[in-house]
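Note sheet for the following structure.
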Amino acid sequence: MSEIRAASTAGELLKIALPIARTAAETARRMRAEAITDVQTKSTRTDVVTAADKAVERQVIDALRSARPGDGVLGEEYGDTATEPGSSVRWILDPIDGTVNYLYGLPQYAVSLAAEVDGVVQAGVVINAATGDEWTATRGGGAWRDGRRLHCSAPTDLAQSLIGTGFGYDAKRRAHQGAVLARLITQVRDIRRFGAAALDLCAVGEGLLDAYFEKGLNAWDHAAGGLVATEAGATVAGLAGAPPGLDMVVAAPPALFGPLHDLLAELDASGGP
Ligand code: IPD
């Protein structure tokens with residue numbers, strides 16, 4: 001695909017994604033507000049999250065289907081619907097990233113929507129549904145928040161860097177992640193765990209975190225936020241030359257990527273269950 005076609009496609013896809021993601025974020029926020037009474041009467045708090053996750057994903061899928069009928073959609077709740085012949089676009093959606101925050105009402109949960117063309121993410125939007133803050137990016141077109149172009153931080157020393165991370169849901173995986181963290185924390189400025197990977201990656205893009213890593217992320221957790229971080233100048237990859245994926249996602253400014261990568265490799269951060 002030529003660069004010109006990729007750039008115009010990316011802008012067009014972002015234009016489609018933005019209003020859909022905004023409506024989805026509004027649905028997530030409203031459903032939580034309305035569910036407070038419901039929780040006290042009939043359903044459990046977990047039901048609220050599941051119902052909202054499903055409703056938001058359904059709404060986004062329906063909107064995408066009517067805007068671009070042939071495109072595929074990979075979503076956290078309803079899986080992977082195939083891209084039809086004639087389209088090379090697959091949307092990647094996390095209807096509510098940060099579900100535990102959503103459960104507790106911590107204002108750190110997001111709708112994350114990315115568009116992949118021929119397997120490469122070209123456009124992405126992440127909206128914090130609790131606050132309305134928005135991050136967007138198109139490949140080659142930069143990362144943006146409220147009309148402001150984003151640049152990741154420029155630290156050179158791992159010991160002075162603030163690092164974000166997250167943990168999986170499985171206890172055995174967590175034990176390994178905890179062991180890695182116990183050794184890493186002595187070698188960095190400090191650690192943050194905010195609870196929504198898409199927002200963590202946007203925080204790297206904005207320089208609110210110097211870097212971020214996590215094992216076990218699915219494409220819907222990192223597709224849109226990863227593009228925001230990349231377009232803000234960060235390197236986003238796995239370990240040992242692998243692309244970002246289930247084994248590991250590391251996002252860091254170029255000067256920090258090497259030292260952080262080597263430390264994570266030494267600590268076997270992509271290993272374990
Ligand atoms: C989770 C969040 C969390 C990360 C987990 C993810 P979910 O996504 O992004 O920060 O640590 O690995 O699974 O379940 O809230 O969509």
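Every residue gets a Cβ built from N, Cα and C, even glycine.
Feature annotations, reproduced from TrEMBL:
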- Glu76, Asp94, Ile96, Asp97, Asp221: Mg(2+) binding site (BINDING)
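Same-chain residues that are not part of Glu76, Asp94, Ile96, Asp97, Asp221 yet have a Cβ within 8 Å of the Cβ center of the Mg(2+) site turn out to be Leu93, Pro95, Gly98, Thr99, Ala110, Ser112, Ala196, Ala197, Ala198, Asn218, Trp220. In the three-state DSSP assignment, the secondary structure recorded for Glu76 (Mg(2+) binding site) is coil. For the binding-site residues listed here (Glu76, Asp94, Asp97, Asp221), the lowest count of other CB atoms within 10 A around the CB belongs to Glu76. Taking Cβ-Cβ distances under 8 Å and a sequence separation of 6 or more, the neighbours of Ile96 (Mg(2+) binding site) in its chain are Ala28, Val49, Ala52, Asp53, Val56, Tyr102, Tyr109, Ala110, Val111, Ala129.
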